[in-house]
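Enquirer: Handing you a structure now.
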(Lines of atoms letter the chains of each structure in order from A and count residues from 1; the text may use other names and numbers.)
(Lines give C-alpha, C1' and ligand atoms only; values in the text may rest on other atoms or scores of the structure.)
Protein backbone atom coordinates (compact mmCIF):
# COMPACT_ATOMS: atom_id res chain seq x y z
CA UNK A 1 0.00 0.00 0.00
CA UNK A 2 1.28 3.45 -0.86
CA UNK A 3 2.30 5.49 2.19
CA UNK A 4 0.02 8.40 1.23
CA UNK A 5 -3.05 6.13 1.40
CA UNK A 6 -2.37 4.98 4.95
CA UNK A 7 -4.27 6.64 7.79
CA UNK A 8 -1.92 6.96 10.76
CA UNK A 9 -2.79 7.42 14.43
CA UNK A 10 -2.71 11.12 15.30
CA UNK A 11 -1.34 11.53 18.84
CA UNK A 12 -2.34 14.94 20.19
CA UNK A 13 -2.39 14.50 23.98
CA UNK A 14 -0.65 17.12 26.13
CA UNK A 15 1.46 15.95 29.09
CA UNK A 16 -0.27 18.19 31.65
CA UNK A 17 -3.69 17.05 32.86
CA UNK A 18 -5.15 20.54 33.21
CA UNK A 19 -4.45 23.13 30.47
CA UNK A 20 -2.36 26.02 31.73
CA UNK A 21 -1.04 24.15 34.78
CA UNK A 22 2.43 22.57 34.76
CA UNK A 23 1.36 19.96 37.32
CA UNK A 24 -0.21 17.47 37.77
CA UNK A 25 0.95 15.57 34.71
CA UNK A 26 -0.28 12.35 33.16
CA UNK A 27 3.16 10.79 33.62
CA UNK A 28 3.00 11.26 37.40
CA UNK A 29 -0.55 9.93 37.46
CA UNK A 30 0.49 6.80 35.58
CA UNK A 31 3.41 6.32 37.97
CA UNK A 32 0.98 6.51 40.89
CA UNK A 33 -1.41 4.10 39.19
CA UNK A 34 1.43 1.66 38.55
CA UNK A 35 2.41 1.77 42.23
CA UNK A 36 -1.21 1.28 43.33
CA UNK A 37 -1.77 -1.74 41.10
CA UNK A 38 1.59 -3.24 42.06
CA UNK A 39 0.73 -2.89 45.76
CA UNK A 40 -2.59 -4.66 45.16
CA UNK A 41 -0.89 -7.58 43.39
CA UNK A 42 1.94 -7.96 45.91
CA UNK A 43 -0.63 -7.90 48.70
CA UNK A 44 -2.44 -10.79 47.01
CA UNK A 45 0.86 -12.66 46.61
CA UNK A 46 1.81 -12.16 50.26
CA UNK A 47 -1.56 -13.47 51.43
CA UNK A 48 -1.27 -16.51 49.17
CA UNK A 49 2.28 -17.15 50.41
CA UNK A 50 1.08 -16.73 54.01
CA UNK A 51 3.39 -13.81 54.69
CA UNK A 52 2.30 -10.92 56.94
CA UNK A 53 0.86 -8.23 54.66
CA UNK A 54 2.09 -5.62 57.16
CA UNK A 55 5.57 -6.16 55.72
CA UNK A 56 4.48 -4.68 52.38
CA UNK A 57 4.44 -1.05 53.50
CA UNK A 58 8.09 -1.06 54.52
CA UNK A 59 9.12 -3.13 51.50
CA UNK A 60 7.24 -0.71 49.25
CA UNK A 61 9.05 2.26 50.79
CA UNK A 62 12.44 0.63 50.19
CA UNK A 63 11.52 -0.26 46.60
CA UNK A 64 10.12 3.19 45.76
CA UNK A 65 13.20 4.96 47.12
CA UNK A 66 15.49 2.53 45.30
CA UNK A 67 13.56 2.95 42.06
CA UNK A 68 13.47 6.75 42.04
CA UNK A 69 17.02 7.32 43.31
CA UNK A 70 18.48 4.61 41.06
CA UNK A 71 16.56 5.76 37.99
CA UNK A 72 17.51 9.39 38.54
CA UNK A 73 21.20 8.67 39.14
CA UNK A 74 21.17 6.26 36.20
CA UNK A 75 19.94 8.98 33.87
CA UNK A 76 22.55 11.41 35.19
CA UNK A 77 25.50 9.00 34.95
CA UNK A 78 24.58 7.16 31.75
CA UNK A 79 23.05 9.88 29.59
CA UNK A 80 24.10 13.40 30.59
CA UNK A 81 26.85 13.56 33.26
CA UNK A 82 28.47 16.68 31.79
CA UNK A 83 25.27 18.70 32.08
CA UNK A 84 24.63 17.78 35.70
CA UNK A 85 28.22 18.50 36.69
CA UNK A 86 27.55 22.11 35.70
CA UNK A 87 23.90 22.12 36.91
CA UNK A 88 24.05 20.00 40.11
CA UNK A 89 20.90 21.57 41.60
CA UNK A 90 18.89 20.00 38.77
CA UNK A 91 19.70 16.53 40.07
CA UNK A 92 16.72 17.32 42.30
CA UNK A 93 13.26 17.64 40.67
CA UNK A 94 13.69 21.38 40.13
CA UNK A 95 15.18 23.64 37.49
CA UNK A 96 16.50 27.21 37.61
CA UNK A 97 16.00 27.90 33.91
CA UNK A 98 14.34 30.14 32.91
CA UNK A 99 13.31 30.49 36.57
CA UNK A 100 12.95 28.22 39.58
CA UNK A 101 10.25 25.61 38.92
CA UNK A 102 9.35 22.03 39.80
CA UNK A 103 10.10 19.58 36.97
CA UNK A 104 8.48 16.49 38.50
CA UNK A 105 9.48 12.91 37.71
CA UNK A 106 11.60 13.57 34.63
CA UNK A 107 14.98 12.29 33.49
CA UNK A 108 14.75 8.71 34.76
CA UNK A 109 16.60 5.67 33.40
CA UNK A 110 15.06 2.24 33.95
CA UNK A 111 18.46 0.53 33.94
CA UNK A 112 19.52 2.64 36.90
CA UNK A 113 16.18 2.00 38.54
CA UNK A 114 16.77 -1.74 38.27
CA UNK A 115 20.07 -1.46 40.13
CA UNK A 116 18.43 0.74 42.75
CA UNK A 117 15.62 -1.76 43.34
CA UNK A 118 17.98 -4.73 43.73
CA UNK A 119 20.11 -2.81 46.24
CA UNK A 120 17.01 -1.67 48.12
CA UNK A 121 15.70 -5.25 48.34
CA UNK A 122 19.12 -6.47 49.50
CA UNK A 123 19.22 -3.96 52.37
CA UNK A 124 15.60 -4.70 53.24
CA UNK A 125 16.28 -8.45 53.34
CA UNK A 126 19.29 -7.91 55.61
CA UNK A 127 17.44 -5.57 57.95
CA UNK A 128 14.31 -7.72 58.28
CA UNK A 129 15.67 -11.24 57.92
CA UNK A 130 13.71 -12.20 54.80
CA UNK A 131 15.39 -14.25 52.10
CA UNK A 132 16.83 -12.08 49.33
CA UNK A 133 15.98 -14.34 46.38
CA UNK A 134 12.45 -14.92 47.67
CA UNK A 135 11.91 -11.15 47.70
CA UNK A 136 13.46 -10.71 44.26
CA UNK A 137 11.05 -13.27 42.82
CA UNK A 138 8.00 -11.51 44.25
CA UNK A 139 9.06 -8.03 43.19
CA UNK A 140 9.95 -9.40 39.73
CA UNK A 141 6.28 -10.34 39.25
CA UNK A 142 4.97 -6.81 39.81
CA UNK A 143 7.85 -4.89 38.18
CA UNK A 144 6.62 -5.34 34.58
CA UNK A 145 3.13 -4.26 35.67
CA UNK A 146 4.60 -0.93 36.77
CA UNK A 147 6.54 -0.88 33.50
CA UNK A 148 3.28 -0.99 31.54
CA UNK A 149 1.99 2.17 33.21
CA UNK A 150 5.32 4.01 33.01
CA UNK A 151 5.63 3.37 29.28
CA UNK A 152 2.04 4.52 28.76
CA UNK A 153 3.09 7.68 30.59
CA UNK A 154 5.99 8.04 28.16
CA UNK A 155 3.52 7.63 25.32
CA UNK A 156 1.31 10.42 26.64
CA UNK A 157 4.40 12.62 27.06
CA UNK A 158 5.34 11.92 23.42
CA UNK A 159 8.82 10.94 24.60
CA UNK A 160 11.07 7.97 23.83
CA UNK A 161 9.54 8.03 20.36
CA UNK A 162 10.28 5.51 17.64
CA UNK A 163 11.96 5.74 14.27
CA UNK A 164 10.04 6.94 11.21
CA UNK A 165 7.97 4.20 9.59
CA UNK A 166 5.15 3.57 7.14
CA UNK A 167 3.46 0.75 9.09
CA UNK A 168 -0.31 1.33 9.36
CA UNK A 169 -0.18 1.53 13.17
CA UNK A 170 2.39 4.35 13.11
CA UNK A 171 1.81 7.27 15.49
CA UNK A 172 2.11 10.90 14.43
CA UNK A 173 3.26 12.79 17.53
CA UNK A 174 1.77 16.24 16.98
CA UNK A 175 3.72 17.91 19.78
CA UNK A 176 7.05 16.50 18.56
CA UNK A 177 6.82 16.50 14.78
CA UNK A 178 4.41 15.32 12.13
CA UNK A 179 6.38 12.25 11.06
CA UNK A 180 4.76 8.79 11.32
CA UNK A 181 6.82 6.80 13.83
CA UNK A 182 6.92 3.44 15.56
CA UNK A 183 5.03 3.66 18.89
CA UNK A 184 8.03 2.12 20.66
CA UNK A 185 6.59 3.01 24.07
CA UNK A 186 3.48 1.00 23.24
CA UNK A 187 5.57 -1.97 22.10
CA UNK A 188 7.32 -1.98 25.47
CA UNK A 189 4.05 -1.60 27.39
CA UNK A 190 2.62 -4.61 25.54
CA UNK A 191 5.55 -6.94 26.19
CA UNK A 192 5.71 -5.81 29.82
CA UNK A 193 2.05 -6.77 30.20
CA UNK A 194 2.69 -10.18 28.62
CA UNK A 195 5.71 -10.68 30.88
CA UNK A 196 3.64 -9.83 33.96
CA UNK A 197 1.00 -12.41 32.96
CA UNK A 198 3.66 -15.09 32.37
CA UNK A 199 5.46 -14.46 35.68
CA UNK A 200 2.21 -14.32 37.65
CA UNK A 201 1.10 -17.61 36.08
CA UNK A 202 4.42 -19.26 36.88
CA UNK A 203 4.24 -18.09 40.49
CA UNK A 204 0.64 -19.29 40.76
CA UNK A 205 1.18 -22.70 39.14
CA UNK A 206 4.89 -23.57 39.29
CA UNK A 207 6.53 -21.68 42.17
CA UNK A 208 6.59 -24.77 44.38
CA UNK A 209 8.69 -26.58 41.76
CA UNK A 210 11.10 -23.72 41.04
CA UNK A 211 14.16 -22.77 43.03
CA UNK A 212 14.17 -19.31 44.53
CA UNK A 213 15.59 -16.72 42.19
CA UNK A 214 14.39 -18.41 39.00
CA UNK A 215 11.47 -16.04 38.49
CA UNK A 216 13.81 -13.07 38.85
CA UNK A 217 16.31 -14.68 36.49
CA UNK A 218 13.60 -15.22 33.89
CA UNK A 219 12.32 -11.69 34.41
CA UNK A 220 15.57 -9.83 33.79
CA UNK A 221 16.58 -12.12 30.91
CA UNK A 222 13.30 -11.69 29.02
CA UNK A 223 12.71 -8.04 29.89
CA UNK A 224 16.11 -6.78 28.82
CA UNK A 225 16.29 -9.04 25.77
CA UNK A 226 13.00 -7.54 24.62
CA UNK A 227 14.25 -4.08 25.58
CA UNK A 228 17.39 -4.68 23.50
CA UNK A 229 15.24 -5.52 20.46
CA UNK A 230 12.82 -2.66 21.13
CA UNK A 231 15.68 -0.16 21.00
CA UNK A 232 16.10 -0.87 17.29
CA UNK A 233 12.75 0.86 16.78
CA UNK A 234 13.60 3.96 18.86
CA UNK A 235 15.46 7.14 18.12
CA UNK A 236 18.54 7.74 20.26
CA UNK A 237 17.89 9.78 23.38
CA UNK A 238 21.22 11.63 23.28
CA UNK A 239 23.34 12.81 20.36
CA UNK A 240 26.48 10.97 21.52
CA UNK A 241 24.69 7.65 20.92
CA UNK A 242 24.78 8.25 17.17
CA UNK A 243 28.49 7.42 17.19
CA UNK A 244 28.00 4.12 19.05
CA UNK A 245 27.45 0.72 17.38
CA UNK A 246 24.56 0.16 19.79
CA UNK A 247 22.61 2.80 21.67
CA UNK A 248 22.92 3.30 25.41
CA UNK A 249 19.72 1.39 26.18
CA UNK A 250 21.10 -1.67 24.39
CA UNK A 251 24.55 -1.42 25.96
CA UNK A 252 23.03 -1.16 29.43
CA UNK A 253 20.71 -4.11 28.75
CA UNK A 254 23.58 -6.50 27.99
CA UNK A 255 24.84 -6.83 31.62
CA UNK A 256 21.29 -7.55 32.78
CA UNK A 257 20.85 -10.26 30.12
CA UNK A 258 24.17 -11.87 31.07
CA UNK A 259 23.28 -11.76 34.77
CA UNK A 260 19.90 -13.34 34.06
CA UNK A 261 21.46 -16.15 32.04
CA UNK A 262 24.14 -16.84 34.67
CA UNK A 263 21.82 -16.82 37.68
CA UNK A 264 20.50 -20.39 37.13
CA UNK A 265 24.08 -21.68 37.34
CA UNK A 266 24.31 -20.23 40.84
CA UNK A 267 20.76 -21.13 41.83
CA UNK A 268 21.28 -24.75 40.73
CA UNK A 269 23.19 -25.35 43.96
CA UNK A 270 19.88 -24.84 45.71
CA UNK A 271 18.50 -28.37 45.48
CA UNK A 272 15.08 -27.85 47.07
CA UNK A 273 12.20 -26.01 45.41
CA UNK A 274 11.12 -22.73 46.94
CA UNK A 275 8.20 -24.13 48.99
CA UNK A 276 10.44 -26.73 50.68
CA UNK A 277 13.02 -24.27 51.96
CA UNK A 278 12.84 -23.21 55.62
CA UNK A 279 10.86 -20.02 56.27
CA UNK A 280 12.20 -17.28 58.52
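Numbering starts at 1 and runs along the chain as it is shown here.
For all residues, glycine too, the Cβ spot is worked out from N, Cα and C.
Any TrEMBL annotation is an automated prediction that lacks curation.
Per TrEMBL, the features are:
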type     : residues : note
TRANSMEM : 26-46    : transmembrane segment
TRANSMEM : 58-78    : transmembrane segment
TRANSMEM : 102-125  : transmembrane segment
TRANSMEM : 132-150  : transmembrane segment
TRANSMEM : 184-203  : transmembrane segment
TRANSMEM : 210-229  : transmembrane segment
TRANSMEM : 249-267  : transmembrane segment
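Each of the listed features needs to be described in terms of its position in the shown structure.
Expert: Same-chain neighbours of the transmembrane segment (58-78): 35, 39, 42, 84, 91, 105, 107-121, 123-124, 128, 135, 139, 248, 252, counting only residues six or more beyond its ends whose CB sits under 8 Å from a CB of the stretch.
Listed by sequence, the residues of this chain that lie at least six past the ends of the transmembrane segment (132-150) yet keep a Cβ under 8 A from its Cβ atoms are 30-31, 33-35, 37-38, 41-42, 45-46, 49, 59, 63, 110, 117-118, 121-122, 124-125, 188-189, 192-193, 195-196, 199-200, 203, 207, 212-216, 218-220, 223, 267, 274.
Long-range contacts of the transmembrane segment (184-203) within the same chain: residues 41, 45, 137-138, 140-142, 144-145, 147-148, 151-152, 154-155, 159-163, 171, 210, 215, 218-219, 222-223, 226-227, 230, 233-234, each at least 6 residues beyond the stretch ends and with a Cβ under 8 Å from a Cβ of the stretch.
Long-range contacts of the transmembrane segment (210-229) within the same chain: residues 110, 114, 131, 133-134, 136-137, 139-141, 143-144, 147, 188, 191-192, 195, 198-199, 202-203, 249-250, 253-254, 256-257, 259-261, 263-264, 266-268, 270, 272-274, 277, each at least 6 residues beyond the stretch ends and with a Cβ under 8 Å from a Cβ of the stretch.
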